[in-house]
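Feature table excerpt (TrEMBL):
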type	residues	note
COMPBIAS	14-39	compositional bias 'Acidic residues'
COMPBIAS	956-968	compositional bias 'Basic and acidic residues'
DOMAIN	62-139	domain 'P-type ATPase N-terminal'
DOMAIN	626-887	domain 'P-type ATPase C-terminal'
REGION	1-56	region 'Disordered'
REGION	947-968	region 'Disordered'
TRANSMEM	110-127	transmembrane segment
TRANSMEM	133-155	transmembrane segment
TRANSMEM	285-309	transmembrane segment
TRANSMEM	329-354	transmembrane segment
TRANSMEM	657-678	transmembrane segment
TRANSMEM	690-710	transmembrane segment
TRANSMEM	740-764	transmembrane segment
TRANSMEM	776-793	transmembrane segment
TRANSMEM	800-820	transmembrane segment
TRANSMEM	858-880	transmembrane segment
Amino acid sequence: MSRHRVDSHGSLGPDDEVMPYSDDETDDELEASSEEEPEVPTGAPQPPVEDRPSEMPWKVKANDRPYHQLPEFQKKVFLCIKKSRYAGNAIKTYKYNVLTFLPLNLYEQFKRVANLYFLALLILQIIPDISTLPWYTTLIPLVVVLGVTGIKDLVDDLARHRMDKEINNRKCEVLLDGGETNLKFRLGLRVTDEKLQEVPQLAAYNGLIECEEPNNRLDKFMGTMLWEGERYPLDLDNMLLRGCKIRNTEACHGLVIFAGADTKIMRNGGKTRFKRTKIDELMNYMVYTIFVLLILVAAGLAIGHTFWYEEIGADAWYLFDNKNQGASWRGFLSFWGYIIVLNTMVPISLYVSVEVIRLGQSKFINWDMQMYYPDNDTPAKARTTTLNEQLGQIEYIFSDKTGTLTQNIMEFKKCTIGGRSYGDPTTAEGVSLDRGRPVDWSWNRQADRKFTFMDHSLVARVRSGKDKEANEFFKLLSLCHTVMVEHKDVRFPDGRIRLYCKGADTVIYERLSPNTKHKETTQTDLDVFANATLRTLCLCYKDITTAEFDAWSRAHKEAQVAMSDREGALDRVYEQIESNLLIDFVDMACECEAVICCRVTPKQKGNVVTADIGVGISGQEGMQAVMSSDYAFAQFRFLQRLLLVHGRWSYIRMCKFLRFFFFKNFAFTLVHFWYSFFNGFSAQVAYEDWFITLYNLAYSSLPVLLVGLLDQDVNDKLCLKFPKLYLPGQQGSLFNYKNFFISLFHGIFISLIIFFIPYGAFLQTMGQDGEAPSDYQSFAVVTASSLIFIVNLQISLDTSYWTFVNCFAVLGSIAIYFGIMFDIHSAGIHVIFPAPFTFTGQSLAVHHSVVQLTLLPYLWLTIILTVGVSLLPIICIQFLHKSIWPSVGDKVQRNRKRYEMEMEEEERKKPTAFQRGRRSRRSAYAFSHSRGYADLISSGRSIRLRPSARGGTQGRIREVPQREAENI
């Protein structure tokens with residue numbers, strides 16, 4: 001059956017933002033959604049078309065709107081309220097409106113356990129008997145986190161609003177009551193093409209479409225058109241999906257099957273499978289670990305308070321608080337108090353900071369001009385912001401070869417016809433040459449002038465018209481390509497019917513007739529082609545009698561309109577005719593690089609969402625994989641840069657960020673732990689309240705955030721030059737529980753230093769006026785100031801790539817701290833707001849009395865001593881580690897200048913064009929492995945089994961030595 005087909009190459013090209021990937025309906029779910037249908041025996045009598053019960057759940061009737069309002073097409077919405085099953089054509093992808101944004105967004109954010117945890121802490125802080133911290137120390141960070149996330153969600157949703165408005169306001173002309181129309185059209189079935197050419201015919205059309213219910217399967221559609229007593233099969237080739245671009249088509253008339261939310265493109269915008277990186281999973285477990293540590297530490301301190309009150313507190317008259325509470329109850333309240341005081345061990349800003357870093361990394365991928373393909377104006381596209389660091393931990397790559405690597409752009413190089421191989425430099429008489437000149441195509445006005453072919457003998461045979469096999473070879477190649485049949489009865493002039501077929505040798509060889517000639521010769525030529533890394537294709541044919549064709553045609557028509565397992569029925573019919581094939585003009589070979597990979601179906605391409613990361617090539621081979629991918633770019637070669645540069649950088653940055661984030665919070669929080677031993681375990685805090693509020697928001701957040709965004713140990717060229725730099729990501733060695741506990745003990749060490757050095761300095765100090773400067777306010781300021789210096793200088797030591805922004809962030813954070821401290825410690829602000837600002841201006845910050853000025857050097861020396869003792873051991877350890885046990889990255893950094901000069905010299909010596917005949921071929925899949933697959937790939941071994949001389953089968957893959965197998 002012949003039908004006109006629109007050139008759909010590249011037509012499925014929806015915008016990345018419009019078409020998110022989804023797997024909300026799997027094959028199993030789709031099958032479960034429709035009831036099982038009883039199988040009808042092939043030979044069983046069929047009822048008349050009009051009386052045959054409908055087995056398709058979805059029905060659409062042309063030019064009959066009242067039909068779709070029948071009760072059977074209504075669905076229950078709530079109780080007895082019903083509405084039509086058919087959706088309107090307007091779409092809605094946005095989540096919020098003016099009224100629902102605030103409550104719905106807050107609801108979504110508080111579904112996250114971390115936000116809910118801090119909300120519970122905020123409630124606890126309202127209880128006076130529990131909290132020693134004011135409520136705003138938790139409220140302000142929580143509001144900032146919720147606000148930043150809410151703004152991001154609002155920006156995303158406003159983009160959806162704009163997109164919906166643009167799509168819903170597109171104008172469309174609808175045929176009503178035979179009115180005039182100039183709609184563009186695509187010809188699906190031949191019968192509609194022949195009978196629906198005029199507007200009155202279209203107005204009178206009353207076909208009934210029965211098909212599957214709306215679903216998200218972009219690669220599948222099955223239905224039937226009932227019209228004028230006949231059933232006609234409908235499949236995906238007859239459907240124009242919403243979001244498609246029509247090419248090579250002047251006009252199109254169509255019948256809407258699915259509209260609005262029922263369309264496949266909208267069904268693909270449903271719930272998505274949320275992918276988590278390895279670091280995500282590890283980070284969650286570490287947060288759980290911190291929470292367990294928090295509970296254990298709080299419980300231990302609460303027990304300490306219980307014993308302290310029994311032994312000391314109950315007898316201290318100056319601590320009497322008029323509360324008739326026992327030691328156990330006070331210990332219980334102290335437990336909750338320490339949960340609040342030590343809550344910064346579980347960082348509230350961690351998750352929002354990680355999202356900001358990931359968003360920035362995604363933008364860097366999008367902006368990378370070295371991954372931009374100017375030929376079709378296609379930049380790289382990060383379609384997700386949650387997987388960037390996972391790109392630095394890839395161990396295996398699975399690639400679809402057919403279109404991804406070749407781009408479906410192949411150059412004809414060689415062929416074997418009738419047992420003779422063509423393609424090498426040869427004269428018209430068939431004399432082989434070492435070097436020849438290309439064929440002159442001036443005699444053929446339709447020839448591609450850029451096409452280079454060296455075998456003059458094949459061209460001479462075709463031009464002579466005397467070589468029947470050569471003529472049949474190119475006839476088959478032309479017909480089995482893009483030819484659309486215009487006549488219903490296609491035969492040879494003498495009435496013969498011939499089946500032409502082409503496909504992979506592994507498929508064709510299974511369908512060959514036992515009497516096929518040149519089978520072994522062709523197999524030898526196939527091995528030669530494979531050894532030259534050429535992609536091969538087998539061409540074959542079969543003559544069919546009229547009786548055989550009529551019988552097959554009837555079976556094919558029955559399979560086309562099958563109500564169940566249509567694809568299986570069609571496959572069986574095709575298998576029936578594609579047997580006993582002949583191959584006299586067998587193999588064609590095209591030049592393309594060969595890799596270990598497999599051919600997959602569109603559904604399997606869609607299943608890239610089940611992989612850790614799916615990468616789509618937005619080239620000329622179609623958009624199916626791109627629509628299901630996490631990252632997309634135009635050339636397969638960009639994968640190397642995506643992994644070795646962006647992936648590695650993202651992984652290193654995220655690991656460094658997390659290590660330092662945990663460290664700075666441990667160092668900050670555990671000072672309260674040491675202070676507990678000197679305040680009766682009473683859940684008092686070592687810092688003033690506003691320092692606790694602003695520490696993670698303003699004093700220490702920006703430098704570490706910029707390291708997570710901008711840091712790089714080596715530049716992109718060195719990342720590509722030394723693939724072994726990728727190895728730490730594969731091993732996960734830069735962020736694991738070992739690194740976590742190193743950060744924990746580092747934080748414990750720093751907290752010890754910044755508490756006990758100021759404590760010892762102030763313990764028995766006497767001023768010139770006989771007053772002790774060791775008041776709580778001065779101690780808190782010195783401790784906090786030491787912490788700010790240590791944290792910002794430590795991140796400076798860990799920064800590998802310095803920019804103006806990094807310098808500004810470090811110096812700015814310190815300046816912001818002192819600026820705010822001067823204000824909140826002043827006597828003036830204490831007079832205006834005595835409740836939130838309790839410090840009265842008696843510290844080193846602003847008080848200008850002679851006594852305090854004489855003490856300033858002592859306080860600053862204490863800060864300098866604390867900072868020096870904290871950082872000096874870390875500097876020594878880092879120096880020894882890089883000197884004695886340097887990593888690959890350390891070695892590359894040490895010799896960076898030399899390597900950069902070598903690369904510049906290589907660039908100058910690099911040849912301007914590709915040189916053939918090189919002995920070595922490097923595998924782009926080796927990454928950090930010592931050997932790749934290049935030798936095995938280029939060996940030319942066919943993976944298809946072929947009969948041995950003794951009638952058995954032997955593998956065509958050579959045995960791989962154990963050592964080489966370990967590399968694989």
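Glycine is treated like the rest: Cβ placed from N, Cα and C.
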Sequence-remote contacts (6 or more beyond its ends) of the transmembrane segment (740-764), Cβ cut-off under 8 Å?
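Beyond its ends, the transmembrane segment (740-764) has Cβ neighbours at 286, 289, 659-660, 662-671, 673-675, 678, 686, 772-774, 778-779, 782-783, 786-787, 790, 858, 862, 865-866, 869-870, 873-874.
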Tell me, what is the mean pLDDT of the domain 'P-type ATPase N-terminal' (62-139)?
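Value for the domain 'P-type ATPase N-terminal' (62-139), mean pLDDT as a whole number: 84.
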Can you work out whether the transmembrane segment (690-710) touches the transmembrane segment (110-127), with the criterion being 3+ CB pairs under 8 Å where the paired residues are 6 or more apart along the chain?
no
State the non-local partners of the transmembrane segment (133-155) in its own chain: residues 6+ outside its ends, Cβ under 8 Å from one of its Cβ atoms.
95-96, 101, 105-106, 108-109, 115, 118-119, 121-122, 125-126, 340-341, 343, 348-349, 351-352, 355-356, 359, 685, 689, 692-693, 696-697, 836
Which sequence positions outside the transmembrane segment (858-880), separated from its termini by at least 6 residues, show Cβ-Cβ distances below 8 Å to it?
746, 749-750, 753-754, 757-758, 761-762, 765, 773, 778, 782, 785-786, 789-790, 793-794, 797, 844
Mind checking which residues of the chain, 6+ beyond the ends of the transmembrane segment (657-678), have their Cβ under 8 Å from one of its Cβ atoms?
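Result: 279, 283, 286, 290, 297, 301, 304, 338, 341-342, 344-345, 347, 350, 353-354, 357, 684-687, 695-696, 700, 704-705, 707-708, 735, 739-740, 742-744, 746-748, 750-752, 754-756, 759, 783, 787, 790-791, 794-795, 798.
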Taking DSSP states H, G and I as helix and E and B as strand, how many residues of the domain 'P-type ATPase N-terminal' (62-139) are helix, strand and coil?
33 helix, 9 strand, 36 coil
